């Protein structure tokens, strides 16, 4: 199974037909044969039916090859950017197509509650063991919450204590306002201004050059909470589909989640989009993820809470590591701590004799 998943993943990265990739994925189809084996033990005759793989053929399955479409789209995007003015008509065409599709999707979204309810009802009605599935769902929710608690209150605070050497509880409470914003909106990008204000405030006193680079960067790629959710979701759904997971399959899921976490969109329930891509990559029907929609309003807030704490903690750790380098830059008179790098700025610097010196410099906004 692990070997097949790996081959399935690499085979669909570069689809042979872009149009077919929108509704088909390439996969290995197995022809199962049966053989009757007669055995005699102590005079007792018995017949056993043994199943074996008779033949393997390359076939297709009715599913969207999201992974291949994303890879090809990335290649076309980079090529379009490299051609400059020549590629502008190509870019404008797909930009206009994107806007049209978004308008259509905006209308379709009004029917989302009906669609989600139908998907959940389909999975519930088709379940052979309904009680067992709900027990697994409860175990999944518990596993997901345990992972978030371990990351939020154990792993990340330990990293903060070891590197920054300060009280993690005070750091956590100083971020109360941006965390409340995230709980209300599920978007770390909306809480970014408040995060910057708290990190640059009187308690944390982190340099603006650190926060204004690290916080936006981590808002785009910092997905600790999302990685926990994606990993647990893939294992849970594969169990619902009665697919056995061994050590190799778990390692493959971890690698895929690590790579795909960089592509999680900064929108509410953005991880659900990534789960569909991951399930397609490991050969599981995306429809199986419909049960996750039922409690995503809760899981989205929990993973966003972990994400924003990780983003702010990364700024504190980076500032601690780079603090000496920043001070050496200030001593050279290039730029000062806690000052905007824009326009003509007066920078207060303290020399070795503790005398205040004002250096007037002009900086170009980057």
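Even glycines carry a Cβ here, placed using N, Cα and C.
Among the features that TrEMBL reports, transmembrane segment is placed at 64-81 (among others).
Annotated transmembrane segment per TrEMBL: 93-117 (among others), in sequence order.
Residues 169, 171-172, 224-225, 228-229, 232-233, 236, 291, 295, 299, 302-303, 305-306, 309-310, 313, 316-317, 320-321 of the same chain sit 6 or more residues outside the transmembrane segment (137-163) yet have a Cβ under 8 Å from a Cβ within it. Taken from TrEMBL, the feature transmembrane segment covers 137-163 (among others).
Long-range contacts of the transmembrane segment (175-193) within the same chain, counting only residues at least 6 positions beyond its ends with a Cβ under 8 Å from a Cβ of the stretch, are 215-216, 219, 222, 266-269, 300-301, 304-305, 307-309, 311-312. Residues or ranges marked as transmembrane segment by TrEMBL: 175-193 (among others).
The transmembrane segment annotation in TrEMBL covers 213-237 (among others).
Per TrEMBL, transmembrane segment is recorded for 249-267 (among others).
Taken from TrEMBL, the feature transmembrane segment covers 273-295 (among others).
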Worksheet item: Does the transmembrane segment (64-81) make contact with the transmembrane segment (273-295) through 3 or more Cβ pairs under 8 Å, each pair 6 or more apart in sequence?
Response: yes
Worksheet entry | Cβ-Cβ under 8 Å with the transmembrane segment (213-237): same-chain residues at least 6 beyond its ends | 136-137, 140, 143-144, 147-148, 151, 156, 188-189, 192, 195-196, 199, 245, 250, 253-254, 256-258, 260-262, 264, 266, 270-271, 274-275, 278-279, 282, 284, 288-289, 292, 299, 302-307, 310-312, 314-315, 318
